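Per TrEMBL, the features are as follows:
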COMPBIAS  594-606  compositional bias 'Basic and acidic residues'
REGION    594-629  region 'Disordered'
TRANSMEM  14-33  transmembrane segment
TRANSMEM  53-72  transmembrane segment
TRANSMEM  84-107  transmembrane segment
TRANSMEM  128-149  transmembrane segment
TRANSMEM  161-181  transmembrane segment
TRANSMEM  193-214  transmembrane segment
TRANSMEM  239-258  transmembrane segment
TRANSMEM  279-302  transmembrane segment
TRANSMEM  382-402  transmembrane segment
TRANSMEM  408-432  transmembrane segment
TRANSMEM  439-462  transmembrane segment
TRANSMEM  509-530  transmembrane segment
Amino acid sequence: MAAAVQMQFTKEDYVIFALLLVASTGIGLFYAFSGGRQRTTQEFLMADRSMSCLPVSLSLLATFQSAVAILGAPSEVYAFGTQYWFLGCSYFLGLLIPAHVFIPVFYRLRLSSAYEYLELRFNKTVRVCGTVTFIFQMVVYMGVVLYAPALALNAVTGFDLWGAVLAMGLVCTLYTALGGLKAVIWTDVFQTVVMFAGQLAVIVVGASQAGGMAEVWRKAMNGSRISGLDLNPDPLQRHTFWTLGVGGVFLMLALYGVNQAQVQRYLSSRSEKEAIMSCYVVFPCQQVVLCLGCLMGLVMFARYGEDSPLDKGYVQTTDQMVLYFVMDVFSGLPGLSGLFVACLFSGALSTISSAFNSLATVTMEDLIKPQFPGMTETRATLLSKGLALVYGLVCLAMAYIASRMGSVLQAAFSIFGMVGGPLLGLFCLGMFFPWANPVGAVVGLLAGLAMAFWIGIGSFVMRISSTPLAPPLNATSLPLLDAGGTAATLLNSSSTRPSGVHALYSLSYMWYSAHNSATVVLVGLVVSLLTGPMKEKDLTPGTVFPVLGTLLFFLPERYREKLCCVTPLGQKPAEGTVQPYRRAQRDGDVVVLEEKEPGADGEHGEAGVSGPKEPSCQMSPHAVVETAL
């Protein structure tokens, strides 16, 4: 590369990068050898349901603020302006709905895995389908999200590629496997601070060198990078207010409503109120993150204008341009480049550690425990740690596969976003439509996945075939990741409006989640009505949110009963009281209400069940160990 000689790390940069790894490992070791020492699955996978609002909210923020997003947002703003900033409008409903709809349902059912809900609402087949879909989604994604920023860093600075990948992968595996969810959450808190510091340092120093923020804003205005409100309703337009502010809501719901990595954090909160408050706290934090990314893009434009390093040939792709800009700004300031690299890999660490822990949880709770209900708590905990370790090694294997993928790398990123929409649709189908049955759920999910891959892969192939003069996509090319992880290459919209199937392929990536979740719901409802809708008496208590009953309040109750619109949500205990809870279980076609006293479980999960019953771990595949809240 033309500027490769100038883009070199100093000893101070490497020291700061090493400190990030040491601090993250130290947090993991602290929680491995303190408190309960991760001796139960509830402590290892659910942090003993004892976390407070602030660490949970910062962990929610860090989980999907990946390194690719840190590189992608400034590139987007540099190339196309601040229209992307309107994504912040989607955060209102995107966090309010999870706070007041999804969290109450999940928390009052006392779940450990989000997919446990699917069996309570439908049956075991739907649960396994949801679990396998999630595992596929995260396994493909986590290796790429580790490898891609390391590759971009290597291309710009010569930073050792596999040294960075192995160091990050092994450190993350170590603290996740030893320290459990508590270690993951508290390292997320630390890494969030590092991410803020790194981005803020770039903006402050870059703006100062450009003549101050007023000068940055003036140059951005003159360069037409300050975008107004675009109310164009065309869904094929890549970024408008509607695609970002409305389509973005569904992306946020797929992330903050039903994704296991986030649901697990809600359920680790010590009360439902704390879980809901974490959504409110993460809202301003999300806005700050979005602003930092956009400001960095404006500062980059103020420095280079239209004469970008990409045009000059100093870098090959847009994501490398951000790293080039950082190295350029911090030249002569030893240590600050290392701070941004620590910021970049904090994003990668927080994402993949959440993936390890959530994958270990769903594998344990949804696939293993139902098959071995008599497993002792000690063995289950040991196996959970082993699963976290195995998924860490799988991540490294996926990083190697990503290195061999070439142009398929962008398609691999797209898979994360393509799968999120159908999973959101599956949960909405069960939670909002009482007459949806298991057959409709499975067929709807398959239809949603088929639609998602059809549009996603068709769009990818169409972009490749329609840009023969563009440089070939290669493994150093990172797509911009939106909040839901969907890939969107930085291409200007065509002057000719596509028609037919090409119009479907040209759908803005911000509508993918809404389109695919709607497909699941519509197909699921039609199939359910054709195969015999569920009756209200067959529903597991607490699995349906009474949104239809509220919307159709004007109908007589007998009609609402026929539409299954009167099922109430489980009642929230009075604040400050410790009460036994009744947890719905399915045993074949029979719904069993299991009553437990909080903290009454023994080490093996065999005590605390009211009445002369069998040990709780043998009652049903859903039984979990509960500890005092």
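For all residues, glycine too, the Cβ spot is worked out from N, Cα and C.
Contact check: the transmembrane segment (239-258) against the transmembrane segment (161-181) gives fewer than three Cβ pairs closer than 8 Å, residues 6 or more apart, which falls short of the contact criterion. Within the same chain, residues 66-68, 71, 113, 115, 118, 165, 168-169, 260-261, 319, 344-345, 347-348, 351-352, 355-356, 358-359, 362-363, 366-367, 391, 394-403, 409, 412-413, 415-416, 419-420, 422-423, 426, 442, 445, 449, 478, 485 sit at least 6 positions outside the transmembrane segment (128-149) and bring their C-beta atoms closer than 8 Å to a C-beta of that stretch.
Long-range contacts of the transmembrane segment (279-302) within its own chain (CB-CB distance under 8 A, at least 6 residues past either end) are made by residues 53-54, 57-58, 60-61, 65, 69-70, 73-78, 82, 84-85, 87-88, 91-92, 95-96, 98-99, 103, 192, 195-196, 199-200, 202-203, 206-207, 210-211, 215-217, 219-220, 223, 225, 256, 321-322, 325. Count of Cβ pairs under 8 Å against the transmembrane segment (161-181): among 84-107, 382-402, 439-462, the largest is for 382-402.
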